[in-house]
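Each remark here refers to the structure printed beneath this line.
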Amino acid sequence: MKRKTIDIITLGCSKNLVDSEQLMRQLEEAGYDVTHDSEKPTGEIAVINTCGFIGDAKEESINMILEFAQEKEEGNLEKLFVMGCLSERYLKELAIEIPQVDKFYGKFNWKGLLQDLGKAYHEELHIERTLTTPKHYAYLKISEGCDRKCSYCAIPIITGRHVSRPIEEILDEVRYLVSNGVKEFQVIAQELTYYGVDLYKKQMLPELIERISEIPGVEWIRLHYAYPAHFPEELFRVMRERDNVCKYMDIALQHISDNMLQRMRRHVTKKETYRLIEQFRKEVPGIHLRTTLMVGHPGETEGDFEELKEFVRKVRFDRMGAFTYSEEEGTYAAANYEDSIPQELKQARLDELMAIQQGISTELSASKVGQKMKVIIDRIEGEYYIGRTEFDSPEVDPEVLIRCEGDNLMIGNFYQVQVIDSDEFDLFGEII
């Protein structure tokens with residue numbers, strides 16, 4: 001009997017990607033062939049793992065569902081299922097509006113999906129995944145949900161309260177992934193620094209990272225999505241002392257004006273934010289900081305925005321992203337503030353802020369010319385090997401381009417590279 005093929009389409013963040021990888025492993029065990037992120041149906045069944053964070057993400061998810069619903073109507077697909085954050089948040093409404101979908105599931109209801117396919121969920125496979133990333137790196141999700149109640153954010157509504165995974169379970173997953181060739185781990189959570197508070201009654205991120213770093217075969221550990229309030233200072237020591245913990249921190253600061261931080265319900269002040277950045281750079285020499293900022297939140301004055309621009313100029317972040325405020329139903333901001341800043345002004349502020357960062361990024365990249373750096377090779381594109389340094393996370397950060405001239409480099413291996421040139425985003429290097 002011919003094995004059926006299931007297409008898994010993943011939208012949104014890396015946390016969603018981990019969910020898809022776990023589901024793919026279960027489906028393979030159930031006897032299906034599985035593909036990932038096909039633009040058109042390649043099999044009999046499709047599962048779309050949606051994002052519902054902000055307006056643009058919701059629109060992308062709905063458009064993808066409609067495209068596959070049309071394919072089903074045209075006879076190119078037998079079954080269509082939808083899961084993930086958008087489905088969790090609007091399950092009943094979506095089921096009414098898009099009847100071509102056979103069933104919508106909440107974010108965590110994989111067992112229900114497998115059951116409806118007539119298959120069993122294998123508990124013994126709970127730490128196993130079918131990686132969609134290059135085999136040398138993986139995302140490592142250490143918790144679900146978030147207990148922070150930032151004014152603008154719908155994540156706690158969608159995913160619920162913070163739930164930490166047990167340390168031993170995470171370590172077992174790391175060992176499993178290392179045994180399958182993974183060398184580099186992007187440690188992710190909605191809020192890293194809260195890890196352990198629910199389970200162990202104290203912040204346990206420093207201990208967790210230290211224990212991961214002790215596992216043979218773990219070459220790089222990179223941390224994503226920290227929160228500035230109540231930052232666990234013991235982590236500075238771990239990052240400084242452990243060579244395989246990258247000198248890199250992704251910490252979403254959102255704003256610097258005390259007025260905006262209070263309206264955003266961030267529980268941190270301008271003074272505390274500057275102090276934390278100073279601590280990072282003092283305690284972990286050479287650290288590269290990535291942050292995310294928001295413009296256009298209700299109540300943001302020209303003065304607030306000027307403070308934000310001055311903050312970016314003064315701190316000179318190594319990596320920075322920014323986005324405009326999007327009103328999300330059910331949030332504190334939607335209930336208590338009027339979304340009164342015109343979209344045109346939000347976009348103008350975003351463009352102005354990113355232009356400042358663009359100049360900073362160009363200067364910081366140029367300052368690396370002449371340096372020798374450890375680089376991991378991710379792929380080949382045309383006449384270049386494409387790699388990254390410890391200061392660069394996949395998908396979101398700059399890359400290192402090495403011309404394919406006589407050097408037979410292996411994907412997933414580390415090499416010493418001398419930087420010979422740079423542009424606004426990327427570095428150019430040659431093997432030493």
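Numbering starts at 1 and runs along the chain as displayed.
Positions of Cβ are set from backbone N, Cα and C atoms, glycine also.
The structure displayed is predicted, hence computed values, not measured ones.
Look at Swiss-Prot and you will find Cys13, Cys51, Cys85 tagged as [4Fe-4S] cluster 1 binding site. Annotation source Swiss-Prot lists [4Fe-4S] cluster 2 binding site at Cys146, Cys150, Cys153, citing sequence analysis. Summarising the annotation, Swiss-Prot assigns domain 'MTTase N-terminal' to 4-122 and lists sequence analysis as the type of evidence. Annotated domain 'Radical SAM core' per Swiss-Prot: 132-363, in sequence order. The domain 'TRAM' feature in Swiss-Prot is assigned to 366-432.
Cβ neighbour count for Cys85 ([4Fe-4S] cluster 1 binding site) (all protein chains, 10 Å cutoff from its Cβ): 28.
There are 23 other Cβ atoms within 10 Å of the Cβ belonging to Cys146 ([4Fe-4S] cluster 2 binding site). Of all the Cβ atoms in the protein chains shown, 21 others lie within 10 Å of the Cβ of Cys153 ([4Fe-4S] cluster 2 binding site).
The Cβ centroid of Cys146, Cys150, Cys153 marks the [4Fe-4S] cluster 2 site; residues of that chain outside this set whose Cβ lies within 8 Å of it are Arg148, Lys149, Tyr152, Ala154, Ile155, Pro156, Gln190, Glu191, given in sequence order.
Cys85 ([4Fe-4S] cluster 1 binding site) and Cys153 ([4Fe-4S] cluster 2 binding site) have their C-alpha atoms 13 Å apart, to the nearest angstrom. Taken as a whole, the domain 'TRAM' (366-432) shows an average pLDDT of 94 in this prediction.
Taking the Cα atom of each, Cys146 ([4Fe-4S] cluster 2 binding site) and Cys51 ([4Fe-4S] cluster 1 binding site) are about 16 angstrom apart.
Helix, strand and coil counts from DSSP across the domain 'MTTase N-terminal' (4-122) read 55 helix, 24 strand, 40 coil. Take the mean position of the Cβ atoms of Cys13, Cys51, Cys85, the recorded [4Fe-4S] cluster 1 site; other residues of that chain with a Cβ within 8 Å of it are Leu11, Gly12, Lys15, Asn16, Thr50, Gly52, Phe53, Ala57, Gly84, Leu86.
For the binding-site residues shown (Cys13, Cys51, Cys150), fewest C-beta neighbours within 10 angstroms: Cys13.
Rounded to the nearest whole angstrom, the C-alpha distance between Cys51 ([4Fe-4S] cluster 1 binding site) and Cys153 ([4Fe-4S] cluster 2 binding site) is 14. Straight-line distance linking the Cα atoms of Cys153 ([4Fe-4S] cluster 2 binding site) and Cys13 ([4Fe-4S] cluster 1 binding site), rounded to a whole number, equals 15 Å.
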